[in-house]
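Data first, discussion second: the structure below is written as structure tokens.
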Amino acid sequence: MAATKKDIRALTKEQLREFFEKQGDKAFRGNQVYEWLWQKGAHSFEDMTNVSKETRQMLEDNFVINHIKVDTMQRSNDGTVKNAVRLHDGLIVESVLIPTATRTTACVSSQVGCSLDCRFCATARLKRMRNLNPDEIYDQVVAIDNESKLYFNRPLSNIVFMGMGEPLMNYNNVIKAIDKITSPEGLGMSPKRITVSTSGVPKMIKKMADDDVKFNLAVSLHSAIDEVRTTIMPFNETFPLEDLREALEYWYAKTKRKISYEYVVWKGINDTQKDIDAFVKFCKYVPCKVNIIEYNPIDDGEFQQASNEALENYISHLEKNRIVVNVRRSRGKDIDAACGQLANKS
Ligand code: SF4
């Protein structure tokens, strides 16, 4: 049986240089190929036009390039673009391009399905099938960057890890992908324009602080009362708010960077004064800003967007306490591209 060929993009530049040396070639050839793979986005060895035919054949005999393929692309009438992306093993993840007047943001996936079980989320209904590799995360960004240039005449300006999956449950690969996205040998984007959004895994938040990461941190909080949060995000039982608070304080002490809280207000779930008071109190532990996100019901979801009055109540109490709050209207609803809606329906 023929041995399975290795994905060449799993190799570091150094490993590629060593590979060429072992083949009796110059280590420099490794740099050339690396540039084709990451900066020029080659999809096949044939594309590497300044590499000799023999070398290309030798690469073909030893490796594959497991590029993602945009299977279907849908455009919303508000300009939002959703890609269903096919991976080399046939599995599908989704990523979204969200344009505004001043930015174009890519919302990318980090896992196929999700390890967690937030009850309001469509992705949670797909069990976690596997983690994405760094190159699969990177490729989603490149695909969206290309679409941004094509449809909006500007490159991608921001990235949020808010698609399918819990990024901190695939930490090493997410970090490797971000390294590539920010490297001059990749897309050269500033880490300040990247936000990793987690449902709150305390141990990993501390690890990020220890690793001195330069990107931003967002936490999907949705409730600052343990009993309420556990009913909507059952893993809160394992990672209660006290542990989350301690991890966030640790993050701030080390990084001095504000945290963003993502927060949806649902009717009959977290729309009372008690919920607001608990949230305002939580916001005071660590410097933060708040994004109140409009909810998009999923098919048979029992969760419904709270009334405008409840939203206004949240906003006025947060503002009274000098907490910066933005309301994020939902985008791409008509193509199921909005927050919590990604579930491979396209
Ligand atoms: S909200 Fe995020 S962490 Fe929760 S189940 Fe959905 S994808 Fe996973």
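If you go along the chain as it appears here, the first residue is 1 and each next one adds 1.
Even glycines carry a Cβ here, placed using N, Cα and C.
Per TrEMBL, active site, proton acceptor is recorded for Glu94.
Taken from TrEMBL, the feature active site, S-methylcysteine intermediate covers Cys339.
Under the DSSP three-state reduction, Cys118 ([4Fe-4S] cluster binding site) is assigned to coil, being neither helix nor strand. Around the Cβ of Cys118 ([4Fe-4S] cluster binding site), the number of neighbouring Cβ atoms within 10 Å comes to 19. For Cys114, Cys118, Cys121, the entry in TrEMBL reads [4Fe-4S] cluster binding site.
Summarising the annotation, TrEMBL assigns S-adenosyl-L-methionine binding site to Gly165, Glu166, Ser197, Ser220, Leu221, His222, Asn296. Annotation note: Glu166 (S-adenosyl-L-methionine binding site) sits in a coil segment as assigned by DSSP. All protein chains shown were included, and the count of other CB atoms within 10 Å of the CB of Glu166 (S-adenosyl-L-methionine binding site) stands at 26.
According to TrEMBL, the feature domain 'Radical SAM core' maps to 100-334. Confidence for the domain 'Radical SAM core' (100-334), expressed as mean pLDDT, is 93.
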Length of the line joining the Cα atoms of Cys114 ([4Fe-4S] cluster binding site) and Ser197 (S-adenosyl-L-methionine binding site), in Å: 14
Cβ atoms near Leu221 (S-adenosyl-L-methionine binding site) (within 10 Å, other residues, all chains): 25
Close-lying recorded positions around ligand 1 among Glu94, Cys121, Leu221, where CB distance stays under 6 Å: Cys121
Protein Cβ atoms within 10 Å of Gly165 (S-adenosyl-L-methionine binding site), excluding its own: 28
